[in-house]
Amino acid sequence: MTEPIISINDLSVYFNKKKAINNVTMDFYPNEITALIGPSGSGKSTLLRSINRMGDLNPECTVTGAVSYNGHNVYSPRTDTVELRKEIGMVFQQPNPFPMSIYENVVYGLRINGIKDKAVLDKAVEESLKGASVWEEVKDRLHDSALGLSGGQQQRVCVARVLATSPKVILLDEPTSALDPISAGKIEETLYNLKDQYTLLLVTRSMQQASRISQRTAFFLDGELIEYSSTKDMFLNPQHKETEDYITGKLG
């Protein structure tokens, strides 16, 4: 059986001593899309951000338990969080391109890491924008401001910015919730194509999105992991009443 790329063991997350995640244990596997679903406040985004230690940015956040990435304890004092977030990248709910050109957005992380060779940067821009399925739409205006793009294009440029740093895992926190249906569909198609090269963890409020593109789905409620299975099993044969109530719209 395939070894998990990320293992979470007995994870609890607190904000100012209030528990947001309660003793969660689960594994994530390479080259899959795993959807995290649940009502607002269920803990799914908190869990996502615990994986690459984004919670460190909140002084009121405390974490207990373990998160392992490729066998390494993410919360070890020896962990370099900059390197960690390069390998486990993140795309947020609202498109957040920097106020600079499309080109400079994509190479931002590479420049921070000291890469100056124009040929290397040019190649990274083209490959990353192609990977994010937006190259054909922007290739003739790479030096225009990314802020002039549509919301869907901006979000795909943000995906490209993550891809340029060569991550192994991509965390996505409701990446289509601020987009129109056509733009959301393009993002979904992009994510589905990326799973052959990356591991993707997707927080979504859309049951249809989870069922369309994910291979596994986890259902959270009040900080608890209620159910975790293949997406097909989750939607066709849920094992818990709370899961069934949520995916059928009785709980939300």
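Heads up, the Cβ atoms here are built off N, Cα and C, so glycines get one too.
As annotated by Swiss-Prot, ATP binding site applies to GLY38, PRO39, SER40, GLY41, SER42, GLY43, LYS44, SER45, with the evidence given as sequence analysis. For PRO39 (ATP binding site), other Cβ atoms within 10 Å of its Cβ number 15.
Annotation source Swiss-Prot lists domain 'ABC transporter' at 6-247, citing sequence analysis.
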Quiz item: What is the pLDDT of the domain 'ABC transporter' (6-247) when averaged and given as a whole number?
Solution: 96
Quiz item: Three-state secondary structure of SER40 (ATP binding site) from DSSP?
Solution: coil
